[in-house]
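Novice: Dumping the structure here so I can ask a few things about it.
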Amino acid sequence: MPTIGAVTTPTAVPEVTLETGPDASSATRPSVSIGVLAVQGDVREHLDTLRACGVHALPVRRPAELVQVDGLVLPGGESTTIDRLLRAFHLAEPLQERLAAGMPAYGSCAGMILLADRLVEAHAGQQTLGGLDMLVRRNAFGRQVDSFEADLDLADVLGGDHEPMRAVFIRAPWVEEVGDDVEVLASVEVDGVSRPVAVRQDHLLATSFHPEVTGDPRIHALFVRMVRQARDDA
């Protein structure tokens, strides 16, 4: 896997058509609101990508903002710092309640760690929101200088789209164990061992990598479909 010293400036995100067919008209489908947890990380890039997918996207820093959204993106950053800030902003408990009630959430990198039920090498006192039945290793791929890019095949979950997804991994976690109800969407081979880097369980989605920095909106479009489906089923 090629090594990159730093991630380049995020690529502009093209607008995305999420559905086609007679029932896909925006005039007949109510819009959804998706929040981006805005205490640390690539907040602007996630907001831009969601808006390119045709949804109302807003930053979430307070419980009053959390109640306004149908789904939430947990961006990358430093997982222990985000954990502390969630508690400082009195967001941890309301977030756990919304997740337990079925609110869709997508976690990228540190967001994957936050959604994990179990961690390897967690810092003392570090807590997660939980929800995904998996064991995640923090910083499994190494330090910042070990950041890399890889092409992933996600055709099975992207509607048969076989164009590889260029994935950027920055101090990224990987998944060491998953429960029976967790679907592994993509993996990367490390020293002959396949390590899951994209997973889904019910209303929760998580990736080790940062799709918001490449200009490829397909993971966000998948999450938007999950949010719309959850609202339609409510």
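Just so you know, the numbers here start at 1 and follow the chain as drawn.
Backbone N, Cα and C atoms are what each Cβ position is placed from, and that goes for glycine too.
The structure displayed is predicted, hence computed values, not measured ones.
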Novice: Kindly point out which candidate in Arg51, Arg138, Arg200 is recorded by TrEMBL as part of the L-glutamine site with Gly77, Glu78, Ser79, Ile170, Arg171.
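Specialist: It is Arg138, as the record lists it for that site.
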Novice: What recorded positions among Ser79, Arg171, Glu212 are found with a C-alpha within 10 angstroms of that of Cys109 (active site, nucleophile)?
Specialist: Ser79, Arg171
Novice: Quick check: of the binding-site residues listed here (Gly77, Ser79, Arg171), which one has the Cα closest to that of Glu212 (active site, charge relay system)?
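Specialist: Checked the binding-site residues Gly77, Ser79, Arg171; minimum Cα distance to Glu212 (active site, charge relay system) goes to Gly77.
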Novice: Give the helix, strand or coil assignment DSSP yields for Cys109 (active site, nucleophile).
Specialist: coil
